[in-house]
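Have a look at the structure below, then the notes.
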Amino acid sequence: MMASSDVDNRAEASLFSDPIPSEMDALCPSPPGPTRPQRDYERIGGRTGTSFCQTLIHLLKGNIGTGLLGLPLAVKNAGLVLGPLSLLCMGVVAINCMQVLVKCSHHLSVKMNRPSLTYGEVVQYGMENVSWLRRHSQWGKQTVNVFLIITQLGFCCVYFVFLSDNIKQVVEAANATTFNCHMNHTNQTQVLVPSFDSRLYMLCFLPALILLVFTPDLRYLAPLSLVANLVMSASLILIYFYSLTNIRYPIHLPYVGRAKDYPLFFGTAIFAFEGIGVVLPLENKMQRPQSFIPVLYLGMGIVTFLYISLGTIGYMCFGEHIGGSITLNLPNCWMYQAVKLLYSFGIFITFALQFYVPAEILIPPVLARVSQRWEKAVDLLLRTVLVIFTCALAILIPELDLVISLVGSVSSSFLALIFPPILQILTFHTEGLSPLVTVRNIIISMIGFIGFLTGTYIAISEIVARNGLKREETFSSYMVQ
């Protein structure tokens, strides 16, 4: 009975007390040091913690992924003028919400005498500032954790679809791939040798990704992660070069898109901007945490510029033919086929980093309830089940643009837009928060909530409509045969 009680206590502590990890925790462990009040936001010693440049690189990596490649289609949904303007506004709001989260974390960590706080703990302690919410503060932490899990598993679903679509395209065009990268003003990669369905490609990737997440320590993947970052950066440069040099003039594209497509823009854009999950882990690991706000402004300024520029240039280049990822529009030549392969390699490695967060939230409480003899087997089994689960979701919705928009609308909107403004009100409501700031925060949260409702509804409606259309086409082709 005592042993059983110890296991139960260990499980409960693991579920409710352990700090929520991030991929940064694996690749960049927290250095030892005094608590935040003692160190006055600065670590003692010259070799612990990350530097300004290291933190900037991590921030850029945490915000640049598949979402960036989907922004040309997002601009198409919003319009050539409204799209970039909306991205600029969303970038400003996203940066403000990240700064609010860091500010609340600073205030509450000093108040609670804690060296650092996770996103969920910030929400928990913020709710404890309000007397009638204090008894439910644990719910706030668990709610944030649930949305973190949904977001990270959503990223993994997007990666399955991205990998299958791009590799499928490379395989189908392999026999006709040449050194001629001439523009033909349509979907550039012509399908010359049709192969099997993209969902079967997902099943082909499944064993490799399962083996990848079996890696006991993600620091073993650090060299591959570095290579992945380099090849993804090189691929982005080539994508920019091709898009800039193949813009068609005069440009006859709608300045404002259809109103019913704007929620799809919102979902894709907030998916791209959802780097708020890495903000606190990065700030907590800095050698000089008081320098994080300049890092945040510089890094997110670069990210916003990349988002607006690639979204606009990509749409201007490919127009109405733009795909769910701009890589799907690149020409059928060896250089740009290599871009797809290299970017896919980077996404493949990144899958393990994104998977780390939900795995470390969900698996330890289960392991705490099994005997030590079975811990390793259960750990590997649960990791396998989680990867199969994300693959199954991707197979159910094999539409890259709609998966990105749905994940962004459902979970990213809460983490990036809805929670931070509410958190600031809860944290500073007893310290004279100005009415203007309160009204601004309410407006931002309402915009996020409206985006969540409309984006989720439109994305699901489009998914149902496309699946219905595909079933009709399949039935028609079967009847003809």
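For all residues, glycine too, the Cβ spot is worked out from N, Cα and C.
Given the structure is predicted, the values throughout are model-derived calculations rather than measurements.
TrEMBL lists 49-460 with the feature domain 'Amino acid transporter transmembrane'.
If you look up TrEMBL, you'll see 20-43 marked as region 'Disordered'.
Residues 71, 119, 122, 251, 253-257, 261-262, 265, 269-270, 273, 275-276, 279-280, 283, 292-293, 296-297, 300-301, 303-304, 307-308, 311-312, 315-316, 416-417, 420-421, 423-424, 441, 444, 447 of the same chain lie 6+ residues outside the transmembrane segment (78-102) yet bring a C-beta within less than 8 angstroms of a C-beta in it. Look at TrEMBL and you will find 78-102 (among others) tagged as transmembrane segment.
Among residues of the same chain six or more beyond the transmembrane segment (144-162), those with a C-beta under 8 A of the stretch's C-beta atoms are 20, 65-66, 69, 119-120, 123, 198, 202, 205, 209, 271, 274, 277, 325, 344, 347-348, 350-351, 354-355, 357-358, 361-362, 386-387, 389-391, 393-395, 397-400, 403-404, 406-407, 410-412, 414-415, 419. The transmembrane segment annotation in TrEMBL covers 144-162 (among others).
Same-chain neighbours of the transmembrane segment (221-242): 27, 61, 64, 68-69, 181, 215, 306, 309-310, 313-314, 317, 326-327, 330-331, 335-336, 339, 342-343, 345-346, 348-350, 352-353, counting only residues six or more beyond its ends whose CB sits under 8 Å from a CB of the stretch. The transmembrane segment feature in TrEMBL is assigned to 221-242 (among others).
Residues annotated as transmembrane segment in TrEMBL: 262-282 (among others). Sequence-remote contacts of a segment are chain residues at least 6 beyond its ends whose Cβ falls under 8 Å from one of its Cβ atoms, and for the transmembrane segment (262-282) they are 22-25, 50, 55, 58-59, 62-63, 67-68, 70-71, 73-75, 77-78, 83, 86-87, 90-91, 94, 97-98, 101-102, 105, 116-119, 122, 148, 151-152, 158, 292, 295-296, 300, 303, 307, 357, 401-402, 404-409, 411-413, 415-417, 420, 448, 451, 454-459, 462.
Proximity of distant same-chain residues to the transmembrane segment (294-318), defined by a Cβ-Cβ separation under 8 Å and at least 6 residues beyond the stretch ends, is recorded for 52, 55-56, 59-60, 63-64, 68-69, 71-76, 80, 83-84, 87-88, 91-92, 94-95, 98-99, 102, 187-188, 236, 239-240, 242-244, 246-248, 251, 253, 269, 272-273, 275, 279, 282, 286, 326, 329. Summarising the annotation, TrEMBL assigns transmembrane segment to 294-318 (among others).
Note on the transmembrane segment (338-359): residues 20-23, 25-27, 65-66, 69, 148-149, 152-153, 155-156, 159, 162-163, 166-167, 169-170, 205, 208-209, 212-213, 215, 218, 221, 224-225, 227-229, 231-232, 234-235, 238-239, 277, 327, 330, 382-383, 386-387 of its chain, located 6 or more positions outside it, place their CB under 8 angstroms from a CB of the stretch. What TrEMBL records for 338-359 (among others) is transmembrane segment.
Here TrEMBL flags 380-397 (among others) as transmembrane segment. Taking Cβ pairs closer than 8 Å, the transmembrane segment (380-397) reaches residues 153, 156-158, 160-161, 164, 199, 202-203, 205-206, 209-210, 213-214, 355, 358-359, 362-363, 366, 403, 406, 463 in its own chain, all 6 or more past its ends.
TrEMBL lists 403-426 (among others) with the feature transmembrane segment.
As annotated by TrEMBL, transmembrane segment applies to 438-460 (among others).
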> What residues in the same chain, six or more past the boundaries of the transmembrane segment (438-460), come closer than 8 Å to it by Cβ-Cβ distance?
Replying inline: 93, 96-97, 100, 260-261, 263-264, 266-267, 270, 402, 405-406, 408-410, 413-414, 416-418, 421-422, 424-425
